[in-house]
Amino acid sequence: AELLKDYKPGDKVLQLRLEEGKDLEYCLDPKTKELPPLRNPDILVGENDLTALSYLHEPAVLHNLKVRFIDSKLIYTYCGIVLVAINPYEQLPIYGEDIINAYSGQNMGDMDPHIFAVAEEAYKQMARDERNQSIIVSGESGAGKTVSAKYAMRYFATVSGSASEANVEEKVLASNPIMESIGNAKTTRNDNSSRFGKYIEIGFDKRYRIIGANMRTYLLEKSRVVFQVILVQSSYSAALGSLLSLHSKHFIHPLSGISDSYQMGIFRILAGILHLGNVEFASRDADSCTVPPKHEPLTIFCDLMGVEYEEMAHWLCHRKLATATETYIKPISKLHAINARDALAKHIYANLFNWIVDHVNKALHSAVKQHSFIGVLDIYGFETFEINSFEQFCINYANEKLQQQFNMHVFKLEQEEYMKEQIPWTLIDFYDNQPCINLIEAKMGILDLLDEECKMPKGSDDTWAQKLYNTHLNKCALFEKPRLSNKAFIIQHFADKVEYQCEGFLEKNKDTVYEEQIKVLKSSKFKLLPELFQDEEKVLSPTSATPSGRVPLSRTVVKPAKTRPGQTSKEHKKTVGHQFRNSLHLLMETLNATTPHYVRCIKPNDFKFPFTFDEKRAVQQLRACGVLETIRISAAGFPSRWTYQEFFSRYRVLMKQRDVLSDRKQTCKNVLEKLILDKDKYQFGKTKIFFRAGQVAYLEKIRADKLRAACIRIQKTIRGWLMRKKYQCMRAATIALQALLRGYMARNKYQMVRNPNVLLLHCSFIPAYLQDKMLREHKSIIIQKHVRGWLARVHYQRTLKAIVYLQCCYRRMIAKRELKKLKIEARSVERYKKLHIGLENKIMQLQRKIDEQVRAPYSGKMFGSLVSSSSVALWALTEKCTEFSFSHFGFLFSVTETMEKKLVEETKQLELDLNDERLRYQNLLNEFSRLEERYDDLKDEMNLMVQEPSEKKAPLDMSLFLKLQKRVTELEQEKQSLIEKIGLFVTTVCAELEYESLKRQELESENKKLKNELNELQKALTETRSPEVTAPGAPAYRVLLDQLTSVSEELEVRKEEVLILRSQLVSQKENTMTDSTILLEDVQKMKDKGEIAQAYIGLKETNRLLECQLQSQKKSHENELESLRGEIQSLKEENNRQQQLLAQNLQLPPEARIEASLQHEITRLTNENLDLMEQLEKQDKTVRKLKKQLKVFAKKIGELEVGQMENISPGQIIDEPIRPVNIPRKEKDFQGMLEYKKEDEQKLVKNLILELKPRGVAVNLIPGLPAYILFMCVRHADYLNDDQKVRSLLTSTINGIKKVLKKRGDDFETVSFWLSNTCRFLHCLKQYSGEEGFMKHNTPRQNEHCLTNFDLAEYRQVLSDLAIQIYQQLVRVLENILQPMIVSGMLEHETIQGVSGVKPTGLRKRTSSIADEGTYTLDSIIRQLNSFHSVMCQHGMDPELIKQVVKQMFYIIGAVTLNNLLLRKDMCSWSKGMQIRYNVSQLEEWLRDKNLMNSGAKETLEPLIQAAQLLQVKKKTDEDAEAICSMCNALTTAQIVKVLNLYTPVNEFEERVLVSFIRTIQMRLRDRKDSPQLLMDAKHIFPVTFPFNPSSLALETIQIPASLGLGFISRV
């Protein structure tokens, strides 16, 4: 409210005006005359931290929370070290993984309040301080405690991950549903209230990854099992069938540690408890009762539990009593039987709950040693109902203990802060609830008296109440007795007074159940039920981890002769209150040993309405959870704290120039001494200034007044200047008007003088000569008038003709253009002329008819009429034709337009689909590389584990061993089949080798003969040089042709003979004698000696070939024999080794024996597989070598044949003289290839890739040199046709690059260098692939360097995938380098000094926007961008790729800046919008300087630009809303609304955004279909492409520097 009239002492009424605009008269209390509390300045309203408020009191705190919750839709607020969380009763999009990533790694004050900020602070302190942490979540039922705890655990699970593949973080999250389903219940205030407390310890290893968890539970409220079941027992029974029909897997998560077999058992037990509640009793007399015969509920209960009906019915109505001498059975009354039934139901339910907790803990337990933990305590808040019983008493007792711990921690932090800043410490009076705790737990306290009364044989609630009155009434100020009741008592808790009803306290504290009933249940055939009661003594121990609901069997009676009941039942006699006190003490010890973090959950209204704030209920809860106590402690000291730099920046306007010194601290002291005269209102610390409550508001008022006075002065000066300018303009206009008016009046007077009527009127008074003169002048004027008119008309006519002529020319030009267009269109629509054929025929018929009628002797009138009618018809048809044509032209034009639009849309859609597909592929590639790295890490860990085996080895699974044995046999069979295949392959290869060698020898001998004959012929031709001899018809020429023909025929015959001989060699070896006889007969038949000589020579050659074949076979047999002997020897050695291993294994224990045998089998199979792989590689190499030799020989034969035909061509014989022809050998010049030996490959990879320093290569040598060298090596291997060498080199290169990037992957220069070289290598493989599409820009010399033998398209794809992985790694490196700079440089640093001032901050200090030493500025970002760009240019990266990298960098800058803006309320102001726009303009200027404006980088900043514009535009009227909706098309609706909600005025002159305006924006944007996600995905990577970029560098000109250490490779 605003004070309308100044207050004077003695006034009884204050004149106020509320925020709604209403006037109010506020009456002061006549006794106290206390004024209402002062309101904080407008700029402090809605602060993130309540301790930042200058006036700290309940109304200010409540108003601040209401403004944040209702107006800004912010549910989280800091209050010092406490996070206040208000339940919105609505799902909010502020818990996604993007929000988690945004808060990860941030300081607690840097972002807006959030549960994730508290979780991040706990995680960071655990890692930094090596101290365990706790997050204490408390609040009323329905305030959202469990949800807050779940979100905290989700944060830890997401940020830390798990140390193993067991998905521990998923198990932790999966344990919540089962615990809530068993431990929650519906109350009057909450439909799903947690009726138990739990403390979950999340364990972390040394690398701070989740390894396990442990859960403790406190005080399960079992009483609701009984009375709620009884109230709705019929509905539970009716729903039992559907409950049991549910599939068990939908009920319990498989990760919770409860197997499928147990889940139906849990259903059975729960159903049995429901039916047990329906069991009824019939009274026999006052002291006994019975169960009706064949009672259906009890029958169903016994069937479900697997127990005997008679025994259960008996022990429900009887109990066993034991005395010193004997034991007897006593019937019990109906009331006692009902109580015993209820106690049994609660006992079963509690044990089932504990059993589930134990199994969940087993599932969450880890064998790895826990290094530290973070505990999350989700415990009931302070409760008060109309009827409060034992459960509420325990809950409020626990809250008293927690509040005491909270007060001590807050007090301790305040004291530490003052001592750290060396400020005089004065004791602050704060509420100490130790007296209330003593009243409950001290000796002779309420719990002691309750336990004592439980031990009494005839103890009752009434007698216990009387003891309480006698002991504490009028002796303890916190204990009271109600006026109208003797069975209740009142305790003054820290939050409120609570009245407890004594009825039921003793029964609930004893929680008795008869041992005989438990024995019946233990004898159950249902295996799960006895498990619930196995370890009760262990469970009931005072140090138990889960003491809730432990049921002592206090009434168990045994015979004294056999055992000592005092000892056996000692543990069972501990009451629920005693157990709860012990577990609470254990919890407090745990919390005191950790660093606590507090979350206080507030319920805004009792009706669960979303975003509805009930002030009274909120104040009650704020008092109950200690938030107002925190405020009071802070307000008692110095709540407002400023660093000297922040104070100087904010209040610089209050200082004069002479007050500003170089020492900021002294400057602030001097100014404060002048501004605040009372020195007790502030204190100077080492780094901060501490202010009392209200002093910051006073300083803000002085600052606002100073700024207002300055504004008024500026306004006064500007208004004066404007008025002077206005006066000068008005004076000049007045003078001009006066001059015009005076001229007009003079002209009128002159015209009056010239008027002839006036002249005639005055003629009588004028002399005659003057009259003549005037008359002549008058006639002259008339003549002049007519002449001037004629001249004007002539000029007009000429001008008009010229204009018409120009118009005609212009129209003719336009008509010609139109005619040309029409002709073009007419040509394009020829097919539509067919439609006009009928009309044209009609026109022709009419024309013919006219001609006939012209020839006929009709009268002239009839002929004229006929002609006119025909002409009219003809003209109408012509017009129809034209209209038809134009309509078709329009139709064509519209069809073309629609087709073009569809084509453009489909093209855009295809481009989007292509980008999506490319992005999906690159994401998969990224995931593959991540899995590959994970695989390598696991292999390394496995090797380490093998080298250093752990002391405790896990027992080996026998089934696994059998599976492995089976797999071993299968591998042996595969090995045998592979050996057989290799043998067959070797024999076939040997035969082919022999055949090829024989063929080669034959061909070589034939070639020699042919060469000799050719030389002889050439000599003969050179000897006879006469033209007659060389003429085509000469005899010598004919002889030469005959010889050439015979030689070629003989060559063909010889080839065929060689092939025939090769096929008959084997058969000739067996049938040598028969062949010899046949040959003798042939010799006898031969009559010519020449034939006999030729046959003899053939036989000699055949014998020689057979001899060679025999020798080669002999040698091969010997080699095979040697190999077999070696194999036998190796088998003997292997057998001996196996025997030794077997002997050693027999001495080992069974587990170690199985493991050793497994290890041995794996090693043996690995060695055998390696041997087989080596053999296969050798055989592949041999086959490739033979193929290569065949190709070379075939090539040589072809060259010889072509050479022979060319050398003796007729044209050459005619034109040139015959001279000796020699085969020319080309000179060896450099072909752009590099040769290296196979054994030097690893050395090449090591020197060129692994040990290469990018800095030296990039600066001193040509860009992409390693890529060129590697490609030239590949070229040489291709030239040799050695595919093994090509494959090995490419594989080694790719693996080498991966190793370098894995080793030095955080270095930007290394990643950039290998990205550019990988792309250059890829471009080289494309450029020289021989494909036409890549050869367009090659020179002829480069085309000669293309690969000839191998198609490396598959390796190009592999290199492209590698380049994508390197690009993604480069983006991650860029992001890691830029991430710390972006927020500080783009948001926090004041690039334009003085535009924005620092707002007051609270205890959660936020990073200052003042640039101190070490903070980043915009210049830091630009310098880093320059560094990135220069490095990429030095490395020779493709320009298109540089553009993509820059676009990705700008996207990261824009996304991170916008995300922080959306999560920081202090950054959403008008001045910050100006700063952001200036920073963006500087980035755009950088793009212009680097000529990168067309890279698409500017477009990625569009959301940030629009957010900055949104902060600066007017936000009041509907026109403003329309402008915002049209302007912010790159922002989502959620982002626009968030910015408007967060908009905060920094100065008094700014105004907040009205809620109605935000609603208007939401209504206008409701039809917009955009993502509901609030934050941008800062991790998004645009799909990268590598456009083909051929190199103009000639390979033969590349020189290899000696600094690379590649002397072992040589140029070819």
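Just so you know, the numbers here start at 1 and follow the chain as drawn.
Including glycine, each Cβ sits where the backbone N, Cα and C put it.
Just so you know, TrEMBL annotations never went through curation; they're auto-generated.
Since the structure is predicted, the reported quantities are computational estimates derived from the model, not experimental observations.
As annotated by TrEMBL, domain 'Myosin motor' applies to 45-704. Model confidence over the domain 'Myosin motor' (45-704) stands at 81, taken as the mean pLDDT rounded to a whole number.
Here TrEMBL flags Gly139, Glu140, Ser141, Gly142, Ala143, Gly144, Lys145, Thr146 as ATP binding site. There are 26 other Cβ atoms within 10 Å of the Cβ belonging to Lys145 (ATP binding site).
Long-range Cβ contacts of the region 'Actin-binding' (584-606) within its own chain (Cβ-Cβ under 8 Å, at least 6 residues beyond either end) map to 65, 69, 79, 81-89, 115, 118, 121-122, 125, 129, 131-140, 142-145, 148, 152, 189, 199, 216, 218, 375, 377, 381, 397-398, 401, 405-406, 409, 543, 612-614, 617-618, 621-622, 625-627. Residues or ranges marked as region 'Actin-binding' in TrEMBL: 584-606.
As annotated by TrEMBL, coiled coil applies to 829-856 (among others).
Summarising the annotation, TrEMBL assigns coiled coil to 907-1023 (among others).
Feature annotation from TrEMBL assigns coiled coil to 1114-1196 (among others).
Here TrEMBL flags 1291-1567 as domain 'Dilute'.
In sequence order, Asn87, Asn190, Ser193, Ser194, Gly381, Cys601, Lys603 are the same-chain residues whose CB sits within 8 A of the CB centroid of Gly139, Glu140, Ser141, Gly142, Ala143, Gly144, Lys145, Thr146, the residues recorded for ATP being left out. Summary for the binding-site residues Gly142, Gly144: the Cβ-based neighbour count within 10 Å is maximal at Gly144. Working note on the binding-site residues Ala143, Thr146: by count of other C-beta atoms within 10 Å of each C-beta, Ala143 ranks first. Across the region 'Actin-binding' (584-606), DSSP classifies residues as 9 helix, 8 strand, 6 coil. Counting only same-chain residues at least 6 apart in sequence, those with a Cβ under 8 Å from the Cβ of Glu140 (ATP binding site) are Arg189, Gly381, Phe382, Glu383, Cys601, Ile602, Lys603, Gln621, Ala624.
Neighbours of Gly139 (ATP binding site), defined as other CB atoms within 10 A of its CB across all chains, total 26.
Non-local contacts of Ser141 (ATP binding site) by the CB criterion (under 8 A, 6+ apart in sequence, same chain) comprise Thr187, Arg189, Asn190, Ser193, Ser194, Tyr380, Gly381, Glu383.
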